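According to Swiss-Prot, the features are:
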type	residues	note
BINDING	C70, C76, C79, C111	[2Fe-2S] cluster binding site
DOMAIN	35-127	domain '2Fe-2S ferredoxin-type'
DOMAIN	130-269	domain 'FAD-binding FR-type'
TRANSMEM	6-26	transmembrane segment
Amino acid sequence: MIGFEIFLAIGMFTAIVLGLVAIILVARAKLVSSGDVTIQINGEHSLTVPAGGKLLQTLATNNVFLSSACGGGGTCAQCKCVVVEGGGEMLPTEESHFTRRQAKEGWRLSCQTPVKQDMQIRVPEEVFGVKKWECTVESNPNVATFIKELTLRLPDGESVDFRAGGYVQLECPPHVVEYKDFDIQPEYRGDWDKFNMWRYVSKVDETVIRAYSMANYPEEQGVVKFNIRIASPPPGSDLPPGQMSSWVFNLKPGDKVTVYGPFGEFFAKDTEAEMVFIGGGAGMAPMRSHIFDQLRRLKSNRKISFWYGARSLREAFYTEEYDQLQAENPNFQWHLALSDPQPEDNWTGLTGFIHNVLFENYLKDHPAPEDCEFYMCGPPMMNAAVIKMLTDLGVERENILLDDFGG
């Protein structure tokens with residue numbers, strides 16, 4: 001009798017285990033996609049791809065590159081597309097990025113959308129003009145204490161067909177980078193020593209993608225140029241250093257960098273309105289692209305001014321280029337303001353934060369600031385202060401154009 005009970009118990013246990021295995025297999029078949037699916041794009045292009053990944057990465061694998069400044073983290077909301085069919089329900093991570101109307105129209109973040117079944121999607125047509133290059137580092141010097149000017153040489157015969165104010169994405173591989181190995185010119189090492197920046201180490205286990213505005217303008221061909229600020233941890237924090245910027249700061253001439261692009265929406269309006277450019281820090285990049293494009297390529301007669309804020313003269317760069325542009329173009333003026341000029345600067349020019357300088361020295365006496373177009377790129381606090389000042393002056397939001405790299 002005891003032996004029978006033992007066999008019965010073993011049999012029941014085995015049956016339960018087999019039943020659970022069957023349930024798991026059925027659930028897996030329903031929840032985990034496998035095999036190939038078809039993605040129809042804009043009703044014209046068709047891809048046959050393996051199921052199971054996210055839409056953003058699946059498209060990129062097939063050379064269809066949607067913009068993604070956060071590299072697929074679901075925070076930048078640049079990888080938007082319309083999912084006409086397939087893709088399942090919108091995820092909670094997507095909801096804050098869309099209005100109810102957009103949600104009903106099928107807008108999704110491609111980085112959050114699973115590829116589980118046949119799909120129909122719509123993307124901007126310009127996506128099909130996006131290309132991928134393996135570029136070579138031509139130079140990577142400091143132009144300010146915490147900003148590098150990275151210049152990449154494109155492969156022979158290649159060019160980036162971009163508009164001024166556009167950007168590309170850089171791909172950073174897994175790496176271990178030690179700040180003590182950075183090549184920082186002697187004139188910029190003081191603050192690196194002061195804040196003991198050399199102690200940081202960047203460890204990255206997977207590929208990272210980030211977006212950067214180009215500092216060159218369309219006629220500067222064969223290269224792409226960037227102004228990239230190191231994203232070091234705030235003092236006293238346990239946060240890791242910036243993944244992409246740490247890798248960029250360690251790049252040397254001859255190194256290879258993968259680039260995708262071009263992308264963009266921070267473009268100049270085709271009008272005759274006065275243009276006022278406002279920049280700070282690494283926000284110099286799209287300012288340079290726009291201003292050089294207007295004056296060198298388009299030979300614009302529009303009234304143009306550029307207001308740039310820096311801490312001290314050591315943090316100001318491209319000054320000789322802007323001096324030359326001002327000398328060559330009577331319709332262009334530029335103004336540098338220092339918020340913390342050093343004794344060695346012997347500075348007699350404008351001082352203070354750039355939004356106050358712009359208001360006190362120009363806009364408060366301007367007959368019609370609401371008729372100007374304002375283009376800006378800089379640290380988030382600068383952007384917020386400038387936007388408030390312009391709004392208080394009656395400038396409509398449609399005439400305030402922002403390259404919001406600061407989030």
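All residue numbers here begin at 1 and follow the chain in the order shown.
Every residue, even glycine, has its Cβ placed from backbone N, Cα and C.
Local packing around the Cβ, expressed as the count of other Cβ atoms within 10 angstroms, is greatest for C111 among the binding-site residues C76, C111. Summary of the [2Fe-2S] cluster site environment: with the site residues C70, C76, C79, C111 set aside, the chain residues having Cβ atoms within 8 Å of the Cβ mean position are L56, S67, S68, A69, G71, G72, G73, G74, T75, A77, Q78, L109.
Across the range of the domain '2Fe-2S ferredoxin-type' (35-127), the DSSP-based residue counts are 20 helix, 27 strand, 46 coil. Mean pLDDT for the domain 'FAD-binding FR-type' (130-269) in this predicted model: 95.
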